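As recorded in Swiss-Prot:
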- 39-119: disulfide bond (DISULFID)
- 66: site 'Transition state stabilizer' (SITE)
- 72-77: disulfide bond (DISULFID)
- 125-321: disulfide bond (DISULFID)
- 198: heme b binding site (BINDING)
- 199, 245, 248, 253: Ca(2+) 2 binding site (BINDING)
- 205-230: disulfide bond (DISULFID)
């Protein structure tokens, strides 16, 4: 009996080791020079389009960054969020966390069109999302990084998964945030650093109404200023947008964390990062050192880009980001 139990434990260990090796192998296939021979002009081509779009509308930088996040947290960084509905599946665009909220699809289409003309059938939509996220941060004054590439695109999307709570709602508690990020291999420090993306961008009234009218851990003058464009009545001004960082809304810096220390986080999921909990010290450190924030944000973005990529012969290189081949 004891011998059988030992054999069973060894078998379970071998299976676990195999799974870990498969995950490591997939990540190992991602590399920064993946397209250096097959599409050498990829990076400057993407940069030019993102630069043009950010020049037209600064807000689009935050939208492109968020698009990558919402893709990676639903079955991995596989560009499933870009797929339109088909007869065989309902896509993720109209799921609760994305509907009337996630933007930037047309920018990805424009980039894909240009890249296809240069290097047909070579570059995945998933990799384009990763590059545009990096370029958006850079163009708003943040620190860049070398993007690991080699992802392939999914051939399906999942409305139900996108709606299942894997994407943190704006009313999240700290425990909920920690658990959701941990499920994707991201630490509490990674979570706080990635939340710093809210140093740019805007949120709709419907996502922060409860906070500005009902919260007690909020600066009163801040709450009053936000109420001017966000009426208390549900259905009134739901889509009115407010900037997330009052101080430097168009600069990727550490101001977001200074706002949290002063109880001026716009979303509940922002302020819970500094509310007497386990992440308070991280917020304080970022509020005092933008370089510490930049360092950890870059590391967390690279880790997020490693979430369950399709590599090798898995998935496909879509000709259009909106539909499978």
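Every residue, even glycine, has its Cβ placed from backbone N, Cα and C.
Taking the features listed in Swiss-Prot, we show where each one sits on the structure.
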residue	record	CB count, 10 Å
39	disulfide bond	18
66	site 'Transition state stabilizer'	21
72	disulfide bond	28
77	disulfide bond	28
119	disulfide bond	17
125	disulfide bond	30
198	heme b binding site	25
199	Ca(2+) 2 binding site	30
205	disulfide bond	20
321	disulfide bond	23
Query raised in the report: Nearest to residue 198 (heme b binding site) by Cα distance: which of the recorded positions 39, 205, 253, 321 is it?
Result: 253
Report summary line: By Cα geometry, the one of the recorded positions (39, 66, 72, 77, 205) nearest residue 199 (Ca(2+) 2 binding site) is 66
Query raised in the report: Out of 77, 230, 245, 248, 321, which of these recorded positions is nearest residue 119 (disulfide bond) by C-alpha distance?
Result: 321
Report task. Using C-alpha positions only, work out which of the disulfide-bonded residues 72, 77, 125 is nearest to residue 245 (Ca(2+) 2 binding site). Result -> 72
Report summary line: Whole-number Å distance separating the Cα atoms of residue 66 (site 'Transition state stabilizer') and residue 205 (disulfide bond) is 18
Report task. Would you mind reading off the Cα separation of residue 77 (disulfide bond) from residue 39 (disulfide bond), to the nearest angstrom? Result -> 21
Requested in this report: Would you mind listing, in sequence order, the residues at least six apart from residue 230 (disulfide bond) in the same chain with a Cβ closer than 8 Å to its Cβ?
Outcome: 205, 208, 209, 212, 237, 240, 242
Query raised in the report: Looking at the binding-site residues 245, 253, which sits with the largest number of other Cβ atoms within 10 Å of its Cβ?
Result: 245
Report task. List the residues of the same chain that sit at least 6 positions away from residue 248 (Ca(2+) 2 binding site) in sequence and have their Cβ under 8 Å from its Cβ, in sequence order, or write 'none'. Result -> 199, 255
Report summary line: Checking the recorded positions 39, 125, 253 against residue 72 (disulfide bond) with a 10 Å Cα-Cα cut-off, in sequence order, leaves none
Query raised in the report: Closest of the disulfide-bonded residues to residue 253 (Ca(2+) 2 binding site), Cα to Cα, picking from 39, 125, 321?
Result: 125
